[in-house]
Amino acid sequence: MSIISTKYLLQDAQTKGYAVPAFNIHNAETIQAILEVCSEMQSPVILAGTPGTFKHIALEEIYALCSAYSNSYDIPLALHLDHHESLEDIRRKVNAGVRSAMIDGSHFPFEENVKLVKSVVDFCHARDCSVEAELGRLGGVEDDMSVDAESAFLTDPQEAKRFVELTGVDSLAVAIGTAHGLYTKCPKIDFQRLAEIREVVDIPLVLHGASDVPDEYVRRTIELGVCKVNVATELKIAFADAVKKWFAENPDGNDPRYYMRVGMDAMKDVVRSKITVCGSYKKLLQPSHC
């Protein structure tokens, strides 16, 4: 098996009306936990790493782990650069073998965002690397970056249409009321806005900030064109809470083979749930389609 571009996964999802889950990874254990479930449920998967992830563990090491696990579990997977902000950073990582990148210029004015995204698209498309961009801006905390509610804004459908036409981007992350992190109250998802975006944009749409969003809301966004669902915070919390509980019950414990497995198993429960919600169960692509 191999590390592939997300475009093959998202094209199939768009055609068949499901979404591919994109799970954020941090180390060997999180990669293994996710792929154990994807193998079990025969689900396509995108493994996403933020710039902070690659500060913690080198890209070359993550790439080697993903490649090895892809072969071990017989799953083609996409290793995705999540929320990267510069062409230079993406260029280096794509040259190292990555075939999926998100360039996040959502903090820039429209024209600057377009210019940045177009430069990344031109570079990546020449190397069979798919590109995701974001228009509108989600609130919350992602990596080390915090966006307060006043700085967040929703995606305008007509701007989205123009943005896609000008950049040639492969998928578009839209701001429709979700936020990075957990919610203090039930999020207000603007389904009408999403439907209007779908009417004028024909590429796969991406839902960021899907942790803690009610399942029925996520399913509705998929019905309205979302083909990729990002999950990060729920995975970290499940892992951490399980490890904390294990140490509370085993105060003299010190063997990582035990407490890491407890964390992995808790994370696996979240992964199973998200695969079910996304409708990606038994949607694994054959290598000939990748």
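From the backbone N, Cα and C atoms, a Cβ is placed for every residue, glycine too.
Using a 10 Å radius centred on the Cβ of D82 (active site, proton donor) and all shown protein chains, the other Cβ atoms total 26. Feature annotation from Swiss-Prot assigns active site, proton donor to D82.
Here Swiss-Prot flags H83, H180, H208 as Zn(2+) binding site, drawing on sequence analysis. The Cβ of H83 (Zn(2+) binding site) has 23 other Cβ atoms within 10 Å, all protein chains considered.
The dihydroxyacetone phosphate binding site annotation in Swiss-Prot covers G181, G209, A210, S211, N230, V231, A232, T233. Cβ neighbours of A210 (dihydroxyacetone phosphate binding site) (same chain, under 8 Å, six or more residues apart in sequence): T178, V218, V229, N230, V231, K274.
In this structure, of the binding-site residues V231, A232, the smallest number of CB atoms within 10 A of the CB marks A232.
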